């Protein structure tokens, strides 16, 4: 009988590379499926970690690609939703232009203009539309803006029936020029004079708009009101509430619309009258009479009814106009002017005139403007906007009108904002990517370590090293491939939420699908995760000896590690890797940093700083692990003081035995927490720094600043006196000396030394002696001063101070000025024919001070030189003859602790509006509200982010503690055999887990805090402000709470799995 050889079945015994591709793939998938059933929790952890990274990267990259919308919103706040603004150029008109058929201005009579009978110039919107053509004309809308006074109707005394009278006047329009019309005109003016509220009347910004047209071109898309009737107005809510007006109330606008009447008169009648009377040179008496009557007649009350109240500007106007707007419909504007005015014959024609022929400005929005602003490159946006605007300028002519690009000008200030946003989001993606790699690496490594026996059996049966590699990679891909698909799908609802949020805030609905860049980035990160995380597990699986892998009688946990280093037998990979990384870092700093500075490539510069910070973060974390053992002992003795010494000793021994395995989990906790805390501290310091810098610039929490002209000390101090105990102090700061002297014929003011080789151009101001009594002297940093008990400002009011000034440290260094009686400098008020020279000394040298601009940095220009008010008068050449005539620019007010800041604000606001003073009130509370909102938002976001990264790291903790307990089943069985209860053993492992989590997280917290404070220290070099200390106490509390919860959950599951068995069964577990 012929002998038959026994053959192995390839389907049962794998042969590594000898197997067919199909059977090998099926075997690998079967192994992954077996691992999934064996450790479903570990599979879910890996799946969701990769899912989070893929979804986060898809959402973040999509937001980065669409981030310009966010900055468009911030630019439209101070500029409004208007791309182009056209206004008339009053310097353009000439005799040649009068004869040109292509005139764009309504009024083109140079004769009348030369006589001074017209101040404001108007654009002819009808003609502009003809020149622009139908397509661009559809993107244009006219406006009229005027400064007016207004008042409410009194309803008491003789004015008890004022509302009924107003209702009667507005209910029906009489035929223009009829006797009924004249009765309305007479009754309306009497109503205004008799019942027009208290004097003086407050001022407001009166704007006539084309509601329908502006809605079509997207100018104020959120504006909630429809077209207004002829007698209706919309006004700011704050303005209405201040002066007791509500929806449905009647109000009187007192406006001097002389320019509109004058423009129409000149356009239609001025030259006609000249020809009629055959006057080549108009008779001055005749002209004065005509235009005098015209101007007198325009000082009228115009009756309106409040239709609605504005809660915001809705993008139609700059945010600064939110509290001073009164809006009417443009097409009814001339009708109302004519109806409530006088009975001159030409007014009947004016009643039916086309209001588009007389407009103050024309607003133009570019078609599909959002697509233009979606570009992340400011230069591309600038190119497309300016090209469109240049074509308009070419067609209209360079000189007839002035052109502004308000949104583009605001975007210039935020052109680097997207770079910062991109870097922040990329940093979040990087940390999530690193966490996912570490987590997957931990799970794969633990899977390999717990399958040591299984892999040993396979290797005995002929499974080669390449097969082991494919098993680990297949297992990694089993986590990753489904997670990539699910992550991209999961990003869609998040993008939908972001789209709805953007629509609610800026009115733009972005696509709820990931961008192409986002999809490719997600795929790249998702596939990169298994490749990186599989390297060490594969190396670990191949390094185990068969004798060790197949030994089931010995614990796999070793507290002592022995390494034998044979000289020259192996390459020092650790040192090689460090050398390569250090070399690459040096190349980046040595080459790319100068390249970024020379090319002004801010993106490259920020990326370099980002990698430097990440390197510093990683380096500090690794360095901190050298004190991990001390941190663990500190945690044990601080939080586990209640435990017995035996339990504490056992915890420390376990930590020592599991140190290598726990290091991966500790690294995840430390690195993720360090990153989050670093970003949190950095952003918190930035916000605090902005608030501090704003407070330092103003030197108080309530400041009044003259916009045009100056403040009257007598009137404002009278208000301060009336406020009494509400005020704890106040201080005055004058207008800079150079701007004041320029009005007197002097060209400039400069500061120099006696040799007059070097010249500096400071802002010389006079201050009252109470400036440093406002309670913000934490910003006062004195480099040197006269030996005196007085503060630097008070020293200026001494006999020596009358010849001295406060100067900045930088100016003192540049001109070599000392606090010495022989060290002097010159303040020169320069004029071509006559200059004033004042020799001065320095009473103090200041690095920083509240409300003033000083610095030790030469790059800070236009620093202040501060003198007393009498010295300021002397520098002016004694031209100020009374206290009332001092050019006071700023009034700083300190409200007492018992005072009501609303009362103080209201008194000043009422006075400024009532007198029509061109001044603004800065209230720190408005800024403080936004600061607190930002702080709360950051606190919430980073508290949540801290919880997220700790949950991700918790998955690694759970697998580590499971592996630790499974490796120590022999020790656990011995402990159970000598009488330890299940609860006591479980508590020991819970304490170990808590110690590991808290010590690692605390190390990360301190590392992040140190790096964040280093950024704050860097900022103080530029701002010259005190160092701001921000410690994340709330994060620390969250870390303690989550550490306790994580320790319990991570131990309970494996503890129940092991301790539920009998002691003999535990002893036999593999």
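Placement of Cβ uses the backbone N, Cα and C atoms for every residue, glycine included.
Residues annotated as domain 'ABC3 transporter permease C-terminal' in TrEMBL: 426-545 (among others).
The domain 'ABC3 transporter permease C-terminal' annotation in TrEMBL covers 944-1062 (among others).
Positions annotated as transmembrane segment by TrEMBL: 46-64 (among others).
For 419-446 (among others), the entry in TrEMBL reads transmembrane segment.
The transmembrane segment annotation in TrEMBL covers 466-497 (among others).
Residues or ranges marked as transmembrane segment by TrEMBL: 518-538 (among others).
Residues or ranges marked as transmembrane segment in TrEMBL: 576-593 (among others).
The annotation transmembrane segment is assigned in TrEMBL to 600-623 (among others).
Among the features that TrEMBL reports, transmembrane segment is placed at 629-646 (among others). Among residues of the same chain six or more beyond the transmembrane segment (629-646), those with a C-beta under 8 A of the stretch's C-beta atoms are 652, 655-656, 987, 991, 994-996, 998-1000, 1002-1003.
Residues annotated as transmembrane segment in TrEMBL: 666-687 (among others).
Residues annotated as transmembrane segment in TrEMBL: 940-966 (among others).
What TrEMBL records for 987-1011 (among others) is transmembrane segment.
Counting same-chain residues at least six beyond the ends of the transmembrane segment (1031-1059), those with a Cβ under 8 angstroms from any Cβ of the stretch are 41, 673, 676-677, 680-681, 939, 942-943, 946-947, 950-951, 954, 957-958, 960-962, 965-966, 969, 972, 976, 982, 985-986, 989-991, 993-994, 997-998, 1001-1002, 1005, 1009, 1066, 1069. The transmembrane segment annotation in TrEMBL covers 1031-1059 (among others).
Over the domain 'ABC3 transporter permease C-terminal' (944-1062), the average per-residue pLDDT in this prediction is 82. Only pairs six or more apart in sequence are counted, and the transmembrane segment (940-966) with the transmembrane segment (46-64) gives three or more Cβ pairs under 8 Å, enough to call it a contact. Helix, strand and coil counts from DSSP across the domain 'ABC3 transporter permease C-terminal' (944-1062) read 102 helix, 0 strand, 17 coil. For the transmembrane segment (518-538), the residues of the chain that approach it from at least six positions outside its boundaries are 50, 53-55, 57-62, 65, 429, 433, 436-438, 440-441, 444-445, 447-448, 468-469, 472-473, 476-477, 479-480, 483-484, 487-488, 491, judged by C-beta separation under 8 angstroms.
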